[in-house]
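Asks: Dumping the structure here so I can ask a few things about it.
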Amino acid sequence: MVLERLKMSLSKTDTDLDQEKYLREATRHFYGIEKPLKYGPSVETLNDLIQALYAEFSTNYVNIEMVNHLMLSYKSNPKEWQKFAKFDRYKYTRNLVDTGNGKFNLMILCWGEGHGSTIHDHSDSHCFMKMLKGELREIRYAMPTTTTTDIAVEGNTSNTTSTESDLERHESLDEIGQRTMSSNDVAYINDNLGLHRVENTSHSDTAVSLHLYCPPFDSCSVFEKNSGQRVKCTMTFWSKYGQKVTYVYTLTITQRCKRT
């Protein structure tokens, strides 16, 4: 794992690093837009969306507002995304659609009846979430301030794994708002805006959402609402490009955590 991360860091060009720095700085002042831009390009298909995203991320100075526009402009068509939509009976799934040449991750999340995420952050990245099917409830929380360090744990699920020395103690989390998202709605969040939890509250209908993360990340922090406990977790995928991913774990599972 250490060698793999080292290779990834060495393979990044100065251009990639400049773009990543620019994107992280943009989280300080971008709050999302609610409607498509008047001057923005139209997006007819999922493939159009992916190609337009590649074009936007081809420059150091990504127009993050245009990225938001593209996510708003695409209209859900199940025939285009259903091959990526893989459900699990017991938990929501993360299904990779495109890695964006290492500059963004586009994925589809599938939510069975009653499935939900934990409260989590986004590792100083931009997160766009578009509804493709059904409804989801998003609950937002203020970003807490770390007070003391607690005992760490190890563990994993098909979505996340926590690592040693990553558990922190905070005050209880303050809810700052919530909304219900329906088909083609788009939500935006970054760590400057707070934390969130996403859930399918329906007991009879499934839900599907399309997520864009930039810069891409493979770990985040999840939080316990009442105690404020914070655990660093590694993200994994249920499927990639429509094919189920099989993971072999060697660690003893002592705690589980989920993340959207």
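For all residues, glycine too, the Cβ spot is worked out from N, Cα and C.
Quick paste from TrEMBL:
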type	residues	note
BINDING	His120, His122, His196	Fe cation binding site
Asks: What's the number of neighbouring CB atoms sitting within 10 A of the CB on His196 (Fe cation binding site)?
Replies: 23
Asks: Restricting to the same chain and to sequence separations of six or more, state which residues have a Cβ under 8 Å from that of His122 (Fe cation binding site).
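Replies: Looking at Cβ-Cβ distances below 8 Å from His122 (Fe cation binding site), excluding near sequence neighbours, one finds Ile189, Asn190, Asp191, Tyr213, Phe217, Cys220.
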